[in-house]
Amino acid sequence: MRLAGFYLFALGVALLPILFPDNYFVIVVGASAGLHVILAVGLNLLMGYAGQISLGHAAFFGMGAYASAILTTRFGWPSLLALAAGLLATGALAWLFARPILRLRGHYLAMATLGFGVIVHVILVQATQWTGGPDGLSGIPALNLLGWRVDGDEQWYGVIMAAMLLVVWLTLNLVDSQVGRALRAVHGSEFAAQMMGVDTGRAKTQVFVISALFAAFAGSLFAHQQAFVSPDSFNLTVSVELVTMVVLGGLASTFGAVCGAIALTLLQQGLVVFEDYEMLIHGALLMAVMIFMPQGLFVGLSQAARRVRHRLKRRQPLPST
Amino acid sequence: MTALSSALLPSPLLAVTGLEQSFGGVMALAGVSFQVAEGLIYAVIGPNGAGKTTLFNALCGFYQPSAGSIRFADQELLGLPPHRIAARGIARTFQNLQLFFNMTVVENVMVGCHLRARTHLLAAALRLPWVQRQEQQLREWAIAALELCELADRAGQPAGSLPYGLMKRVEIARALAAKPRLLLLDEPAAGLNDTETMALRDLIGRIRANGVTVLLVEHHMPLVMGVSDRLLVLDYGSVLAEGAPADIQADPRVVAAYLGGAVNYAV
Ligand SMILES: Nc1ncnc2c1ncn2[C@@H]1O[C@H](COP(=O)(O)OP(=O)(O)OP(=O)(O)O)[C@@H](O)[C@H]1O
Ligand SMILES: [Mg+2]
């Protein structure tokens, strides 16, 4: 069945808090992992499927978060409306930037997206009258979903997991459709894709906007969940973390990105003691994966499993041909 | 041509006039003109570096020729981007394989059907019922193209896992899946063994029987002479000769410049 993996995943997500009731680790770390999954799955659409690198993805995450934070605290907008406005603004900006940025390739694209991330971070720090500067914005009201105020760790786990499952489901559908094949074709051979009638500029723009929207969505949820935002949550380190998640899990595999995001979230929890060395550890991890398992942990392991299964099958007597 | 005869003759499917393309100092195409009538298999031959691939790249909008015109089905193609030219009914294969190695064989060919159906992004993400029906339709079209190329049994395999000869045939299937009026084949026999070349010859015959006009760049002379209706000989970016296979084989300039007598072992 096409979505068998997805249903299994959804079941696991739903069962976790039932199997481990009142467990801080499952509920809080789980919610954090859920946000990371949304970010990584979106970035993987761009990097893994369309083959376009982005080293500034935290910028879109931050724009969603700050849109919600500013509109609710300074203008008193209802949280859902602020979320929608954040999505709209981020999507529009991504759309504007997509054409000129995605015309670049390889290192140039990496540098341009890196620059974009840095600029957005600088703005978050400097535009003090709007963003609160380095101290950030606090007192962000609870997310209000048509009258239901999301409050408490359990409720947040539910909301974030539901959002995450929605994003994963949309992504799985998209990848396995004409739109998704066109994206993968751009990665496989841009020239051939054009000759099959794919408007590659448009395809790249679309995927850039979608992955920015996913990131902004995660950002809005994050702002309400934490009730506080500061520029540190959206700096270059975070962008590198996101890339690490995607590469760790395996490019061009949605569940690879899911696994990468979860694995890195768990790792971060385990490494809290080494906070100062976080960047170092991410770098080492990225290098190790690239050298020893360039297709990523999830993809690499599932390929290995397939090989083992294949070999076991071979052991059985071959049918006469 | 008199007004009367031009009114009686159907206008050619493809009419190229004075096409020029240079790279730095190299004139890769130095004013190439020729016409291809619908339904023909039209071969373009010439020594290495003659400009054959450059001609294909110019025809499909990958290069912007500095002069000339390309009329296809009575409409100008010059200046259009590749995906718009594809939409006019031109598909191609590549001298250097341009398969989508990140996909299965059937998915590769389904990309070939890209222009035959439009899926809206949002509808695809929500997988609305009509998107599912459309997916089924695309898959059927792709399988039909694979069957024509005798590749249907390979549909589910990763494209990169096939032997080289079959990968080249997947490219042909992918191009055919677009239902083109004109198919450009750039050295389809390169790297094939004799059996595969014979199969390719049959395949080109079936493609023509399906009403597709074929522009064929190929060095394999027995194949070219056996299958083409007309030939264009390029040398240093210029047309050296144009005509029926028998006339080309007899043309002393062609023999001297390119074939070195090799043309005579044609089948
Ligand atoms: N992108 C390019 N940049 C610079 N020079 C090019 C480019 N493409 C082709 N050329 C030059 O143009 C000339 C024609 O090349 P082309 O590839 O069209 O030859 P060809 O007839 O296809 O040869 P072959 O039989 O080897 O495939 C050659 O001199 C080649 O070096
Ligand atoms: Mg060539």
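A Cβ is built for glycine as well, from the same backbone N, Cα and C atoms used for every other residue.
Cβ atoms under 8 Å from those of the transmembrane segment (A:25-46) belong to residues 13, 16-17, 52, 54, 57, 61, 153-154, 156-157, 160-161, 163-164, 167-168, 171, 174-175, 183, 207-208, 210-215, 217-218, 221-222, 225, 242-243, 245-246, 249, 251-254, 256-258, 260-262, 264-266, 269 of the same chain, restricted to positions at least 6 beyond its ends. Summarising the annotation, TrEMBL assigns transmembrane segment to A:25-46 (among others).
Taken from TrEMBL, the feature transmembrane segment applies to A:53-71 (among others).
What TrEMBL records for A:77-96 (among others) is transmembrane segment. Within its own chain, the transmembrane segment (A:77-96) is flanked in space by residues 60, 63-68, 71, 141-146, 205, 208-209, 212-213, 215-217, 219-220, 224, which lie at least six positions past its ends and keep a Cβ under 8 Å from the stretch.
As annotated by TrEMBL, transmembrane segment applies to A:108-127 (among others). Sequence-distant contacts of the transmembrane segment (A:108-127), counting only residues of its own chain at least 6 positions beyond either end whose CB sits under 8 Å from a CB of the stretch, comprise 52-59, 62-63, 66, 97, 101-102, 133-134, 231, 234-236, 239.
Here TrEMBL flags A:156-175 (among others) as transmembrane segment.
TrEMBL lists A:243-267 (among others) with the feature transmembrane segment. Cβ atoms under 8 Å from those of the transmembrane segment (A:243-267) belong to residues 5, 9, 29, 32-33, 36-37, 39-41, 43-44, 47-49, 53-55, 57, 168, 171-172, 175, 184, 187, 281-282, 285-286, 289-290, 295-300 of the same chain, restricted to positions at least 6 beyond its ends.
Annotated transmembrane segment per TrEMBL: A:279-301 (among others), in sequence order.
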For the transmembrane segment (A:53-71), sequence-distant contacts whose Cβ falls under 8 Å of one of its Cβ atoms, 6 or more beyond its ends = 39, 42-43, 46-47, 77, 79, 81-83, 85-87, 89-90, 93-94, 106, 109-110, 113-121, 124, 130-131, 137, 140, 208, 211-213, 215-220, 222-224, 229, 231, 233-236, 238-240, 242-243
Same-chain residues at least 6 beyond the ends of the transmembrane segment (A:279-301) with a Cβ under 8 Å from one of its Cβ atoms are 237, 240-241, 243-244, 247-253, 255-256, 259-260, 263, 267, 271
